[in-house]
Amino acid sequence: MTHIPAVSACVDYLLLTPGPLSTTVSVRSAMLQDSCTWDTDYNLGVVEPIRRELVRLATTEEFAADYSAVLLQGSGSYVVESVLGSALRPADCLLIVNNGAYGARMVEMAHCLGLNHHVLDCEETARPEIQDLEELLIKHPEISHLAMVHCETTTGMLNPLEDVAAFCQQRGIRLIVDAMSSFGGIPFDIGRLGIEFLISSANKCIQGVPGFGFVIARRTALAACAGQARSVSLDLHAQWQTMEQQEGKWRFTSPTHTVLAFAQALRELDDEGGITARHQRYQENQRALVEGMQSLGFTPLLPAQWQSPIITAFYSPANPEYRFANFYQCLKARGFVIYPGKVSQTECFRIGNIGNVTLQQIQQLLVAMKQACYWLEGSR
Ligand SMILES: *Cc1c(COP(=O)(O)O)cnc(C)c1O
């Protein structure tokens, strides 16, 4: 007799948590099929079109031939670790921009992998300044690579990718971007920005289900990773070579169902009108959310000009009775799941905007939020 409880069919709340997030029924339905990982139906029919589509989404025709996409099992962090552990030679030196939990995670990886590195530590509510990067470069001329998170999901901060990319291009520094929570939801051209490695995952703005991440990188940069990896499973070059030479084959067992869902998610991104249209939807949702929350008395953590349309952090209510767990349960009972805060110095909570979420659902969330506030006031 098993002790595994049956999954409750009636639990159907909206995930306002940026990864995993709310997906469409059609994306989830795409998983109702088993695939063979060495058959051409799967490799040539599903994996290879995905790799080509990712490059097409990331850049323009002018640069597309310079780039290639590699898919890798695991959550997004596995792919970040694979890039850092494969791209940095013993003589290289990495500068990591840290203004949140995901920047800090790259610092932790650099430590663990034994990489030469320096850190530009910003406040979690501040952005890196080019002048600070310049000063670090004068002090440490050995710096060869720079790694930065694009949208720091900790706070919702949009880091200055254009400026940092221009700085790296001028100085010949190789740029690694953790665009986990922005790729597919914010338009930018990795070719024009000269990005060497861009990392993202299946369960963020492409709106797939979790199970793998991907790298879109310059072919020359991927080729230079040969023999550099500090891990067998996270060897980016070996994974790329297998996919290239065996046309879409994964080195080890592929998360086949997740990949089928991802293929469907890419078709739905195109149906929506591509990244520009998705960005617009996220922006409209985020603006409506902030306006509504402000009228209920909430204050966003970040100034509007730094705020991404991906996730928004709000200061916790000043009410001494406020407990995140109770607030969370109150909203969950009304069909909405939000995120706890992750900022170290400040009490806040976060609401994600990405996923299969409509403006109408944001309005419904605001109604539930108002009820949660009444309930909180009543508990005084
Ligand atoms: C989601 C995310 C990651 C990866 O997190 P996992 O839990 O490993 O999927 C990395 N960086 C950023 C900015 C993210 O939002």
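Cβ coordinates come from backbone N, Cα and C, glycine included.
Automatic prediction, not curation, is the source of TrEMBL annotations.
Computed from a predicted structure; not experimentally measured.
Here is what TrEMBL says about this protein:
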- 79-316: domain 'Aminotransferase class V' (DOMAIN)
- Lys204: N6-(pyridoxal phosphate)lysine (MOD_RES)
- Arg350: substrate binding site (BINDING)
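Lys204 (N6-(pyridoxal phosphate)lysine) falls within neither a helix nor a strand when secondary structure is assigned with DSSP, and so counts as coil. Geometry remark: Arg350 (substrate binding site) versus the residue listed as 'N6-(pyridoxal phosphate)lysine', CA distance 16 Å. Taking a C-beta cut-off of under 8 angstroms and a sequence separation of 6 or more, Lys204 (N6-(pyridoxal phosphate)lysine) has the following same-chain neighbours: Pro18, Gly19, Leu21, Gly76, Met180, Ser181, Ser182, Phe183, Gly184, Gly185, Ile354.
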